[in-house]
């Protein structure tokens, strides 16, 4: 009898909390969710020397954040630093760091802690793409993809998460990819690294949830191709439904998701529907849709930036 009462109580609590969370989600779907103030927050952005990382730095500069910029490209990173100051940032710190090297990450992280303070918003943005078919891709390039696109997240989390937990305040941002949701022809190593980054960020979020560390937020971003040069030459078969994203639009959406403490951000919105279809459609139907949207041959025109130099 007592077992039945206990089970019933547990069920009612579960149903009540579930209903409340659904109602809350519906309300915020209709009304704008409040945005948090990031003025004075120490924001670390990896891969800040160009592309998406640079644009993210400029957005946070306008919001009054303290910027910590990491990139392996010293010249590009210093240029971003200069642009951030021109955009209104009063405190900007640029560090040359190869995020693929664990020892280097830990060394520069210690510098940041001593010279700037505890990072409260960590944006793992640094990424590389080889754009080669699996059997054509040298082992060292595949290893480099994993080192930059995934393993760097392990080292930066290890370096900065403890202080966030101690302060019960922090935000972990993973820039994954639509290629971290579904396999793509010509991107085997990239997809694998982005799947890993997604799964890692989600798992650490679950750890913080179970440990009731409510002050630690997570945002996982999965965009389709962005016009930053990284995927130059890539195409889409249906631009009206699945466009290659403009960098300004992508950055605005990413920053908005961070300010609203949104867990998942897929861009464009069609990706949410595509992931839903993938869960139940027959394989052949899914492949037909991918072919229609041009996804199966999106990488055919890819231009390797290293070959251009």
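Using N, Cα and C of the backbone, Cβ positions are placed for all residues, glycine too.
Keep in mind the model is a prediction, meaning the values are calculated, not measured.
According to Swiss-Prot, the feature transmembrane segment maps to 11-31, 270-290. According to Swiss-Prot, the feature NADP(+) binding site maps to 44-68. The substrate binding site feature in Swiss-Prot is assigned to 177; the stated evidence is similarity to another entry. Look at Swiss-Prot and you will find 190 tagged as active site, proton acceptor, backed by similarity to another entry.
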Between residue 60 (NADP(+) binding site) and residue 190 (active site, proton acceptor): CA-CA distance (Å): 28
Between residue 52 (NADP(+) binding site) and the residue listed as 'substrate binding site', the C-alpha gap once rounded to whole angstrom: 13
Residue 64 (NADP(+) binding site) in three-state DSSP notation: coil
Count of other CB atoms lying within 10 Å of the CB belonging to the residue listed as 'substrate binding site': 26
DSSP-derived structure type at residue 44 (NADP(+) binding site), helix or strand or else coil: strand
All-chain count of other Cβ atoms within 10 Å of residue 68 (NADP(+) binding site): 29
Nearest recorded site to the residue listed as 'substrate binding site' by CA-CA distance, among binding-site residues 44, 48, 60, 64, 68: 48
Which listed residue (44, 48, 52, 56) has most other Cβ within 10 Å, given these are binding-site residues: 48
Cβ-based isolation winner (fewest other Cβ atoms within 10 Å) among the recorded positions 60, 64, 190: 64
Residue 52 (NADP(+) binding site): secondary structure state under DSSP, collapsed to three categories: helix
